[in-house]
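What follows is a set of notes on a single structure, which appears directly below.
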Amino acid sequence: MGFEDGGGRGGAMRALMRRKQVDSDRVRAAGGHQLAKELSVTQLIAIGVGSTIGAGVYVLVGTVAREHAGPALTLSFLIAGVAAALSAFCYAELASRCPSAGSAYHYSYICVGEGVAWLIGWALILEYTIGGSAVARGISPNLALFFGGPDSLPWFLARHELPWFDVVVDPCAAFLVFVVTALLCKGIKESSFVQGVVTVLNCFVMLFVIIAGSYIGFQTGWVGYKVAGGFFPYGANGMLAGSATVFFAYIGFDSVASTAEEVKNPQRDLPLGIGTALSVCCSLYMLVSVVIVGLVPYFAMDPDTPISSAFAKHGMHWAMYLVTTGAVLALCSTLMGSILPQPRILMAMARDGLLPSFFSDVNQRTQVPVKSTIVTGICAACLAFFMDVSQLAGMVSVGTLLAFTIVAVSILILRYAPPDEVPLPSSLEASFRLSQEYDEEKVRGPPVDENHEQGSSVVESINETLIEKKQDTILEESKRRKAAVCSIASVCVGVVVLTTSASFTFLPFLLRCIVCVFGGLLLLAGLGVLCYIDQDDGRHSFGHSGGFICPFVPLLPVMCILVNTYLLVNLGGGTWMRVGVWLVMGVFVYIFYGRTHSSLTDVVYVPVAQAEEIYGSSSSGFVA
């Protein structure tokens, strides 16, 4: 508990493990211009649904039904939705406890440490940049359908090939990115309103598909459910494989958490916004899949345009334009949801000193990080203009799944071993030493004369008994925390070993079984200990109280870690090689800039209660 330097004197390992405190009202007041608190639960739902429902649903229905699930596609969406809900529960608690910009980067910095937080933030930067570019490149082919065909866009918007560079440029994609960037610079209230309108229109298109498709299905007898293979033509394994594929259709609700600092009532509205957005998406996905799979046998579906072709087979060729409109609206909304979080992550990292302060500037008039937003827009527009980023799309999933995993780990840490020390600036070091000296004087007590020697001996005896009991309590708590930390580490290592050995099919079968058993035993041992020991009492006062509490801890976070790690391991070697290059670049940036410029470089760590006393007696402020 004592006096501990969080800076370079402790070496590189201490720098990687240093943790910041939850932003308090005092911290916010010292931080200069703040983001505007404009968002309500309705706007959060619009951001969550708009960022999640992309054009993928208009394609995934056909691809997954044909290749994996068949008529059981609806159950695949349901299972994937439940798996996404595991992460949503974890996000909901951390977002309400720590309502600041930065999302998973912010939570991991508080609960895990600076090194992990940097890697998460660096991975999310890649995710949102490539994600926004990929979405923008997908809009122009859909828009071209309204002009007569794939290559019918006006010349200034159409794609052109640069023969000397073997590059196909997309002016339409870059233009749309700049439009969205300008809208986001205008203000969070204006951009969330536009995204809400676009999202509502897209939902109306999906409702048309559900209602009109249901009418046709009842007229024709739902021929898609009368196929020879039954409801599970590919078996349970096919349905689960379909769930793993459609899981990525739920990525996007974490954008809600990135706006936490701009929510009027974060303790109430953030959990509602995250939960409702995910529920709406899951319901729409399931209803659309129920209808489309029933209209056309799964083996006869068009893998590229399953919804349009399903209506065309029943004489409704005009529905193609309505479905295409829905796809364009979904892509525009997803584009806004991809670019919105990144400036806030850049701002959070710059506030902590890990990036230059240029990115932390908040415009005084619009109260948004305009500089970070412009840089994000320029980078995304350049990628969308010059590169076909479809081959890099898998890299988007790495950042999201890493974030989902570390958020679940943060929930376990928060419940069983929350930070019991907070950083103080070096300017308050003198106050801390005075506080220590005062505590020592209180323990020693005033000198006594011989007349009171007998009475003082009784008092000393009582004090010694109380001190011994307190020391025993502290010792027991220390043992419990150590057991909890070891158990969390056992769970994480066991999950990695289990999922890796289960996925590496090129290994000998016997070796895979042995390694799987070993990983499973580590996982079950850690989970068993966490179920047995008590959770930390400090969790009740950690962060902002009165918000959402994640249920079924530790089982739910452990399941979340297992699902997301399995998906991470199965993303493919090519994807991991490309992501690895980006992460290595991030390591060098951290070593040569972030580590030495961190706001925690010259801080001391003190117990939480003692920190409040020091802050109460000092007029100094500190941005954690």
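Every residue gets a Cβ built from N, Cα and C, even glycine.
The annotation transmembrane segment is assigned in TrEMBL to 44-65, 71-92, 104-125, 162-185, 197-218, 230-251, 272-298, 318-340, 368-386, 392-414, 483-503, 509-533 (among others). Annotation source TrEMBL lists domain 'Cationic amino acid transporter C-terminal' at 548-598.
Long-range Cβ contacts of the transmembrane segment (162-185) within its own chain (Cβ-Cβ under 8 Å, at least 6 residues beyond either end) map to 132-133, 136-137, 139-140, 143, 153, 156, 191, 194, 332, 335-336, 339-340, 343, 363, 366, 368, 370, 373-374, 376-378, 380-382, 384-388.
On the 0 to 100 pLDDT scale, the model's mean across the domain 'Cationic amino acid transporter C-terminal' (548-598) is 92.
Contact count against the transmembrane segment (197-218) (Cβ pairs under 8 Å) is highest for 44-65, out of 44-65, 104-125, 368-386, 509-533.
Only residues 6 or more beyond the boundaries of the transmembrane segment (272-298), in the same chain, are considered here, and those with a CB under 8 A from a CB of the stretch are 41, 44-45, 47-49, 52-53, 57, 61-62, 65-66, 69-71, 73-74, 76-78, 81, 84-85, 88, 91-92, 95, 203, 206, 209-210, 213-214, 216-217, 220, 222-225, 227, 233, 246, 249-250, 253, 256-257, 263, 306-307, 309-311, 313-314. Stretch with the most C-beta contacts under 8 angstroms to the transmembrane segment (44-65), considering only 71-92, 230-251, 368-386, 392-414: 230-251. Listed by sequence, the residues of this chain that lie at least six past the ends of the transmembrane segment (71-92) yet keep a Cβ under 8 A from its Cβ atoms are 61, 64-65, 224-225, 227, 230-234, 238-240, 242-247, 249-250, 253-254, 256-257, 270-271, 274-275, 278, 281-282, 285-286, 289-290, 293-294, 298, 404, 407-408, 410-411, 548, 550-551, 556-557, 559-560, 563-564.
Cβ atoms under 8 Å from those of the transmembrane segment (230-251) belong to residues 52-54, 56-57, 60, 63-65, 68-73, 75-77, 79-81, 83-84, 278, 281-282, 285, 298, 396-397, 400, 567, 570 of the same chain, restricted to positions at least 6 beyond its ends.
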